[in-house]
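According to Swiss-Prot:
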BINDING   5, 6, 7, 8, 9, 10, 11  ATP binding site
């Protein structure tokens, strides 16, 4: 059996062919312009036309995803996918079985299937990028919530909200790599497009005062979220993903800041699969669905 896997993002579509034991035998990616949902659908059709020997389709998608019906009630940055049933569309186009799951849940399922969560019953995954996402595995099961919105950790408040536009006090608005770059651009008077997270952290290592202040605030925001999650879910482990985790000293620095919060005994580590987590988690969900229907 070969499974076509898709990991849908607002700026890129990752595609692959994966075997049932988790070996990825082919990968491809496409840049997505302006979160264009129609372009995503066209790229998926093209990939499937190029790989006619696949026998199923596994999808990792952003937003609020009903994995039972395939309906995406809110597509995140991809507004074309609001109230769109991607599972039904793919099945009609190909005649193949399709399984779809939320992207953050797929990252968690990859960790459960072929990562550090294989023997764990209570753990969380937290992803730090342009936004903050997450997945919850509690009492031996993935937690999706009554409306498939569980794990939207980025909507937690990072500080006491003001009366006007309280959403600007959430982790998504205060503690992401995009926010860090915007803050640095504002303070230095440089264009945002010229600034990378790598540059800011390099300046932090060189003891640049602006970078030190911003990154200390960045870590404090992450620790605030972790503190809340630890006391909400009592996980034994939290695995963190996102480009920031490629920094060798990230976990050490995070734990240093976390010490003042009272870390307790929760183990915090980086996630295993990096950019392949979405593809692998989608395939694991597909295999679970196939087994359930047999």
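The backbone N, Cα and C atoms fix where each Cβ goes, glycine too.
Model, not experiment: these values are computed from the prediction.
On the structure: features taken from Swiss-Prot.
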{"residue": "5", "record": "ATP binding site", "Cβ neighbours (10 Å)": "30"}
{"residue": "6", "record": "ATP binding site", "Cβ neighbours (10 Å)": "25"}
{"residue": "7", "record": "ATP binding site", "Cβ neighbours (10 Å)": "26"}
{"residue": "8", "record": "ATP binding site", "Cβ neighbours (10 Å)": "30"}
{"residue": "9", "record": "ATP binding site", "Cβ neighbours (10 Å)": "21"}
{"residue": "10", "record": "ATP binding site", "Cβ neighbours (10 Å)": "18"}
{"residue": "11", "record": "ATP binding site", "Cβ neighbours (10 Å)": "11"}
